């Protein structure tokens, strides 16, 4: 891989350009240049690469399957919302070399950032960036340039003193270990060293008992503290001598604080930790809207990449809108718009491969969508889709998962009972209970209600599918001149589609009393965001009670053609389980979604608090006094410092940020709040705030805490730098690091905040 390799870069079936690709000597950067002009077109860092897929695993490469064999094709997948890079190598051997090499390069990132290996990788990376003339040495001018690159505005005299102290050879340049000394001097953490010395009697090490004292007094660890201290020393102390003496050096102490054990996110909650045997309606479920779209709602691109990205983020409820296509093949796209189309078979194949790859809980996946197809297409939906999805296997190739078409033994199914299942949400001919009792079919209820637009859309869908529900509620075949086949075929089609819907039958919502009298736990209603807000405002407690026994899906307003999102928090406050968002659009709303579902093994399910699972609950999100349990709690956050904050995208060369930290509370209306620190001028490398922010939470069980770093601008809107969001229930008190995420929700190591957390009643 050290030599430039000629490969085809592919964007479409007709756009295939030859480019030379080369891995730079730093083993961190890949650039590619035009074969014709020799001009370097672009470059990307290995740290930007999430994974590498072999073969025809993109729409573009699938379209070229007859022209280029799978063993020559591969796809480089980037973190966030950056487009993938589809490549065709000159031979299978070249493709295999690149795939294996890239995978080996991205593998070391699985080590903790504090390990010696990764620390030295970062140091080497900075050195090579600053060594402008590539002579393997750094003079003071290059060191000053490095400081600018690292977001540091340091006094020149102070910088020179650090430089000269590291120049042990007195050559006027830094080489090898000399640069390591210079880097360590730059990154010295005074606030951490001060904390270390508060608990160290000799100021040089923490004994086992001193470490136990720190864990109990500051980190509030109260179980197995001595065993925990031993474990942390063995894991994070770099000195073998210190480890043998059960002591922790200052370096080891810093490594612990920067590790997952020192994170604000409780490590016990990162794995599956909640009860997974409750009824499905007792969980918040990670859900996407129009999953196939990766851009806007009118002219945007439809892509299987939308499904892959959503599933890899832990999404458990996806949308598949199926329409008539050419040659009798169903197509997936946003109906009555100009969005592009993808074959239904590709969507099903993708779901079969990726549905159970994320998280250790092999949980169910719900597919919602419109079966707006004619006879042949609908038959493929009902039979072909079931065949593929019903035999899909997880990444480990384990036991096959089944499409949820078996008749349930209870209308109130638990998540455990639905393990390994893929469920289809949609309209059904007859109630689930009618199927159970053998009572035959009845027409779906499509009468008008407050959500009239949805009812009309469902009527239109049924007409296109080949059946029209007349005034008497009986099935009446459409005129064959407007259909896709004879009446018998249309009825068979409707039944084939209906048979795929077992657990999540869609029903219109006509009020809470009507639902209680005539609906069942196995049914689900979909509400537009405006309708949901009105119900929350006018009947908050009734809405919470309704969601304690039946599923509710919320979807974005049709006016959000730009794929923007509404706040999911207000819907979760009312217990709505399936709050569908446009996953392709970054912002606060998706930060909240990722923050809520980052717990519980990222399985896509979060158990609702007890007072939201009780059908007789008095809880109303607009009145926190109706919550059963202890009184309000106080969350106190001391924002101490920041480390190596990234520069703002597209900032001017040499520009240095003026960072501030804002802490936001998202929860019930009484808890909504935000506070921020002052800004630190010209220091994105190691800003120090030492400011205390305090919040009172009335319903902490529903609260999400969002930490945002911005670049202060007195003349215009502040620029986003990084953020991290988590549920209050997952916060670990004490001295903690917060590892920041980009706008796309990807990590930006080694950028972090250092805080102290206290929770009191």
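For all residues, glycine too, the Cβ spot is worked out from N, Cα and C.
Where the annotation comes from TrEMBL, it is an automatic prediction and has not been curated.
In TrEMBL this protein carries:
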type: DOMAIN; residues: 1-107; note: domain 'PH'
type: DOMAIN; residues: 118-153; note: domain 'EF-hand'
type: DOMAIN; residues: 154-189; note: domain 'EF-hand'
type: COMPBIAS; residues: 440-456; note: compositional bias 'Acidic residues'
type: REGION; residues: 440-490; note: region 'Disordered'
type: DOMAIN; residues: 497-613; note: domain 'PI-PLC Y-box'
type: DOMAIN; residues: 614-742; note: domain 'C2'
Item to check | Long-range neighbours of the domain 'EF-hand' (154-189), counting only residues six or more past its ends (CB under 8 A) | outcome: 120, 123, 126-127, 136-140, 143-144, 147, 254, 641, 643-644, 685-686, 754
Checklist entry - Over the domain 'EF-hand' (154-189), what is the model's mean pLDDT? => result 84
Next on the checklist: Let's see if you can do this one: DSSP helix, strand and coil counts over the domain 'PI-PLC Y-box' (497-613), in that order.
Outcome noted: 48 helix, 21 strand, 48 coil
Item to check | Summary of DSSP states over the domain 'C2' (614-742), given as helix, strand and coil counts | outcome: 12 helix, 62 strand, 55 coil
Checklist entry - Can you count helix, strand and coil residues in the domain 'EF-hand' (154-189) using DSSP? => result 21 helix, 2 strand, 13 coil
